[in-house]
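Trainee: Structure in structure tokens, see below.
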Amino acid sequence: MSFSCDGPLWLLFSAKQDFGRVPDLFEHQKSLILSFQRLLAQRQQHSFGLHGVACVGTEAHLSLCSLEFYRANDTTRCPGGAPAVVSCVPGPLYAASSGQKKQQQAKPQGEARVRLKGGAYPGEGRVEVLKAGTWGTVCDRKWDLQAASVVCRELGFGSAREALSGARMGQGMGAIHLSEVRCSGHEPSLWKCPHKNITAEDCSHVQDAGVRCNLPYTGLETKIRISGGRSRYEGRVEVQIGRPGSLRWGLICGDDWGTLEAMVACRQLGLGYANHGLQETWYWDSGNITEVVMSGVRCIGTELSLDQCAHHGAHIACKRTETRFTAGVICSETASDLLLHSALVQETAYIEDRPLHMLYCAAEENCLARSARSANWPYGHRRLLRFSSQIHNLGRADFRPKAGRHSWVWHECHGHYHSMDIFTHYDILTPNGTKVAEGHKASFCLEDTECQEDVSKRYECANFGEQGITVGCWDLYRHDIDCQWIDITDVKPGNYILQVVINPNFEVAESDFTNNAMKCNCKYDGHRIWVHNCHIGDAFSEEANKRFERYPGQTSNQIV
């Protein structure tokens, strides 16, 4: 691209354009071009600084183009010309957030796709690419701003602001698909750039590449603020409502306010992730703001602002109306990211018929099916699907229980403390999603079982020690531990899905919740069980469900 002072005129949008209204403006752009051109030429006096700007089109920013500056003593600048202006098209993220239909975006040929994971803000994260139906990362060897800009543009953002190396957006897990990516910058997709297909010995996940993209100004951060906290990262949430001329600030009802809502608030504030979403904020001074102006806020967690979340609108319905019961947040620049080692589940799964007289403690902790309550204790047995689970923290912050040690619950029977009500859900589902059996794992001993070579253990449960999982470490629940099972005594033979979900209630913030679920095909013949085709990440997506094998008659499975 090149232009000069008297070059072609493009429709002008301010650099601070509100992208929520862009689609509406585009409908009128043709009729506006000529009238806007006349206004620029007739009514405004411009001071020009550049002419002869010549870009190849692959530059990360305008300053890298060939530029000619006007000299200070120039008396005539751009005679007969007009200022160069541009028209920007919103990417998918901003087009979708406007409430308009998503614009059809050109997709790379075949199955090649790209996504960002682990970023605190839109347009940043670890680069992951899809190959043969499996997501994998990109090695940071020769990773530069040109390649990063190709990723950003492919995703509908601007050029890249930073090309990140050394797993600065957290480590991925599984395959590393690309290495030594060399882009010129004009490629429509990262897959079109020359690259090297690597083996496991060539690169490790400590070298995962990431990006930070240039983003349009939306002004969303001006509609929210926090106050009363001890630092700029915490406080009571206040939002601005009304129309120009009658704008006012108000509070958010704390009912149902949780981690996902707090994640959106912290992102909108530009403060990263949410450590906590608080429903009571009596310990923070509210100042002069006492009116509750928003209630019923329920977020998916990916929204750009609280306005995009479901809420009651102008009608405020709050169970507890006092100021002390309004929403608050504690934000953080980093977050943990838990991931289950799915292959270990598949390798260790087996059936055990365990006598009832050995299950008193498990029954006390509600680790058996309901029918166990009416069993002829201590005679008989329960059939258990057992397996080991190894949970890694691949994020950028330690995973710590939400509750402090003062509120942990001591369980005398097993002799340990519970630091979270539910740490993991285990379910047996029919192929159509009906639950036929379930289990759960309270984090009675959340600790660093093992770590990577360069990481030291920090958490140990013994002697009422601190609980958590350090970045680069993992917690192992062996198959022979009490409650590390699903009671399948009442399940008929058939074909099922084994589903494991970590941190199911979002009690603790993570940089990525989409990789917290694992699904496996599960075939049970009444005597033995086969667990296979386990996969992790986006396990609830339609794309993932297509990967499951189907068997004749499997949808007719029923509970006895």
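First residue shown is number 1, and so on along the chain.
A Cβ is built for glycine as well, from the same backbone N, Cα and C atoms used for every other residue.
Curation plays no part in TrEMBL annotations; they are all automatic predictions.
According to TrEMBL:
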- 114-214: domain 'SRCR' (DOMAIN)
- Cys139-Cys203: disulfide bond (DISULFID)
- Cys152-Cys213: disulfide bond (DISULFID)
- Cys183-Cys193: disulfide bond (DISULFID)
- 224-332: domain 'SRCR' (DOMAIN)
- Cys299-Cys309: disulfide bond (DISULFID)
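Describe each of these features in terms of where it is and what it packs against.
Mentor: Within 10 Å of the Cβ of Cys139 (disulfide bond) there are 23 other Cβ atoms, across all protein chains.
For Cys152 (disulfide bond), other Cβ atoms within 10 Å of its Cβ number 27.
For Cys183 (disulfide bond), the count of additional Cβ atoms within 10 Å of its Cβ stands at 23 [all protein chains shown].
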Trainee: What are the non-local neighbours of Cys203 (disulfide bond), defined as same-chain residues 6+ apart in sequence with CB under 8 A from its CB?
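Mentor: In sequence order, Cys139, Arg141, Ile176, Ser179 meet the Cβ cut-off.
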Trainee: Within the domain 'SRCR' (114-214), count helix residues (DSSP H, G, I), strand residues (E, B) and coil residues, in that order.
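Mentor: Reading the DSSP string over the domain 'SRCR' (114-214) gives 16 helix, 33 strand, 52 coil.
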Trainee: Between the Cα atoms of Cys193 (disulfide bond) and Cys299 (disulfide bond), find the distance and write it as a whole number of Å.
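Mentor: Counting only the Cα atoms, the answer is 37 Å.
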Trainee: Rank the disulfide-bonded residues Cys213, Cys299, Cys309 by the number of other Cβ atoms within 10 Å of each Cβ and report the first-ranked residue.
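Mentor: That would be Cys213, with the highest Cβ count within 10 Å.
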Trainee: If you measure Cys183 (disulfide bond) to Cys152 (disulfide bond) at Cα, how many Å is it?
Mentor: 13
